[in-house]
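Participant: Okay, so TrEMBL annotates it like this:
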DOMAIN    C:1-101  domain 'HPt'
MOD_RES   C:His44  phosphohistidine
REGION    C:351-383  region 'Disordered'
COMPBIAS  C:355-371  compositional bias 'Pro residues'
DOMAIN    C:399-645  domain 'Histidine kinase'
DOMAIN    C:647-781  domain 'CheW-like'
Amino acid sequence: MTTVMLVDDSATMLMSLKSILTKAGYTVETAGHGKEAMEKLAKGVKPNLIISDVNMPQMDGITFVREARKAPGMRFTPMLMLTTESEQTKRNEAKSAGATGWLVKPVGPEQLLGVIKQVVPGA
Amino acid sequence: MPLELNETTATLSGVVTVDEVEPLAAWLRITDKPKVNLRRCNHLHTGALQALLLFQPRITSSPTDAFLATQVLPLLRGSSGGPVLPESEPP
Amino acid sequence: MNPLLAQFLAEAADLLTQVDEGLLQLERDPGDPELVNEVFRAAHTFKGSSGLFDFPELTRLTHAAEDLLDAVRGGRLALDSGMTDDLLAAFDLIRGWLAHVTAHEQLPASAGADAAGLITKLRAPLGGEPAAAADATPARSGASTIDAAPDWLDQFDAEWLEETASWLVTTSATMRFVRYTPDEGCFFRAEDPLHLISQVPALAKLGLVQPAAWPPPADFDEYQCLIGFVLATRAAVGELNYLFRYVPDQIETVELDGTAIRRHLAGEAPATPVEEQMAHVAEAVAGNLELARDAYDILAAAQRSLNVDTPSGPRLAAVAHSVSAAAAALGMPVEAGEPDLESLTARVSTLLDSAPPPPEEPVAPPPPPPMAAADRGRADDPGGQVGTRILKVDQEKVDHLMELVGELNVAKNGLTFLADAAEEEFGSRVLGRRIKDQYSGLHRIAEELQAAVMDVRMLPLSVAFSRFPRLIRDLSRRLGKSVELVTEGEDTMADKDVIEALGDPLVHLVRNSLDHGIEASPADRVAAGKPAAATVTLTAVADGDAVIVEIADDGRGIDPDKVKRKAYEKGLISEEELEAMGDTDAVDLVFRPGFSTADQVSDLSGRGVGMDAVRASVEKLGGTVTMRSQLGRGTSTRLRLPLSMAVTQVMVISVAGQRFGIPVDLVVETVRVHAAEIGRVLHQEVVVLRDEVVPVVDLARALDMPWTPDPAADRAILIVSLHGQRVGLLVEQFHREVDVILKPMEGLLAYADEFSGTALLGDGLVLLVLNMKEVLNLAARAQ
């Protein structure tokens, strides 16, 4: 059972990604910002993949990735950033913070599911 | 279980992820003349491949997975000296 | 509606408010990085979500706004009021679009045309679209795509290389060769190079790059990636670029034909000077980092433009031109051939690939970026509302809940009737008692439930105030006045109906203040010894069951004499009143229908339908309006409104056998007097109460209902107070007070002004609640 954690302050984005993932048979955990996501990780949620927005209140996506990498069991977990076309520098920052890759909004089902297959072996 | 470790034989099956790398390397380190069965392995994490390259165990059974069999197994074979048994050997 | 779209629309409303507020604050405090960030984030989220739907204009417009904000955020641009205007206009346009989307689930047909001008304006401060090509572009030569064979080709098995080369020569085909050198720490970004390679389409051969020296087994760190790979594939460059897009810095791709491979095998030097070119890049980068960075930015911008706008014609030529200029600056001149979208896109990505982004801070060590600091502050902020869960509920659901509470109240009230019936009709006092006990238990729960629902409906006054920064900004710019808005007590809570109903009267009052209250120009103010900028203060305070909202300005105030004269000229007051009226009453004249103090009616406050409309709408909410003014010092208008209007307490009375409700707020007392005590002054019946003469209105007559009171019986008179005036209402009988949910009049009765609404009683009876002001008007006319 592959669990995907979605972190985004946009309820619309969460809703759209969640529906794609749920239909594809993934278990989905959501959080509205980095802090909430960290709390979930601290409570023992262990996703096989994290997909996080970059710009969020409370804790932005890049800080979140950096922190999440330190959370127990998250050392090798694939983490993808949700970015826009223009966020080239953010992607590089995210990579150095420990992100595996990124998705470009808007994220369609093919793109999303394709990337999961690409970064999660056996997903 | 992706990783089954016996006295002299490790059986790798399914998706061998990064989580298996550490126990596999530890086992290879302490095992004398280790043998590794890859027959039912579908994916080998790069870290696991690296450990196999370094410790050069005998690959007792080649994988059925096409990519591993055609592209990865030759790398293990070609690496200086690790003898690989014939592919037809029974599991 | 598709739930995702509904969710987007709900979120969009919040984002729009956030952007509006943020922009206005920013204009005042342009340096605040956190504010810029907030507005940027809202615009950004907007753009991101808008892409989920087929609203390309919306995406393009938010994209332009986002880019502008990003430049402000990055300190490359200072936000001026022109930009703020454009940004506000953009989000206004979006607001309009979304209203259309709400109704029709698509953007208006004019969206593209409406957005075009704004997009140009928004992009103008960023240098506009890439510069137009001035000179003609030279013709293109047939450029070869074959690269020189790199050294790492040795990692492949020589025999296999030989075979492949001859096959490629025979077939005049090419193959792509990739060298993948993973970072040592790549596992810690969850990268698995072998997994990625297993996904390379049409993989022909995989080769291993072993480390120069393996560490001794004891020192081996299994989490450090020491190996690399080379691979040969028939997959297209585009496929490879996509697959390896997260690790471009670890990848080197070349396209080789059989000849190139053979040259390599023969140990010959490469035929094409690619490496020389690369050296140029390095030189250019080292020699002039700034130029390189600019060039890189231009390429990145060109790529964005190509991807997003898919330009054609002269625009495409312009992009092509800037690309070749940038390429030249990077020391990698390209033939700027006849531009076609595909080849240009490919060229740009090749250039971007071969020219990695130059380091951001190469020369002078600049101060740490302020945004990063702000972000850190945010992330570490121990406060904030971690874990608070806000549930967004459709207003209709809360309204429905409130209706149910109302019906519960009604059903509960029915128990008292049942208790009475038990006693009177069935003669069981005990049962009556029990029912009443049951009633009081139910009553307590119903009250708590009602309070809870009311609490859900409570909104802070900031909701009503939020539109004013914008309104005042726009109005003051239009009027050429300088006005500061101060708001206080925005946290004060009131029922959402009150907040909503407060909107229009407040807008009216604020407009009035700006239009008439504040001096015509800052110079006039300075001449009067005041600061050039006027201040309008919006204050809210809770006062028991009421909320008081005050709009105050420090403008020229109201001249009571002028008001009185005007009222007299308009025939609103008599000559005696003109003489005798005090200043306070004079100011109150502005609320008279048909009064307007402006010498010239402006387009802002309308035409004389000003303050009387305000008073009428506030009174309809059960509130009051008073105005105080000091000539030369300013004016303040005070609205007093019930905190909630969902539940109204009414006194039930009956006349001519029919029951009516009267808002308890108005009731002063109930009295019974002998018929003989009712006197007559002129044509008006009066009663003397504690030495005060109170006019008495026969309610049955006013409502045109036939009724003749029993001459012998006492008269029941309800004393009400309206605008400080006491009036007695002659009724048939007093009943009890009840809490009712007042509903507006519907159908035929909607035009009956003497009723303010209907309410359902516990016994199923529909109670008409009287609008006392109109009833008294009717009575005055009836006489």
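Placement of Cβ uses the backbone N, Cα and C atoms for every residue, glycine included.
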Participant: Check each residue in the chain of C:His44 (phosphohistidine) that is at least six apart in sequence and keep those whose C-beta is under 8 Å from its C-beta; list them in sequence order.
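Facilitator: Same-chain residues close to C:His44 (phosphohistidine) (Cβ under 8 Å, separated by 6 or more) are C:Glu66.
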Participant: Roughly where does the domain 'Histidine kinase' (C:399-645) sit in mean pLDDT, to the nearest integer?
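Facilitator: Per the prediction, mean pLDDT sits at 83 for the domain 'Histidine kinase' (C:399-645).
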Participant: Could you put numbers on the helix, strand and coil content of the domain 'HPt' (C:1-101), residue by residue per DSSP?
Facilitator: 83 helix, 0 strand, 18 coil
Participant: Using DSSP, tally how many residues of the domain 'CheW-like' (C:647-781) sit in helix, strand and coil.
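Facilitator: The domain 'CheW-like' (C:647-781) comes out at 25 helix, 74 strand, 36 coil.
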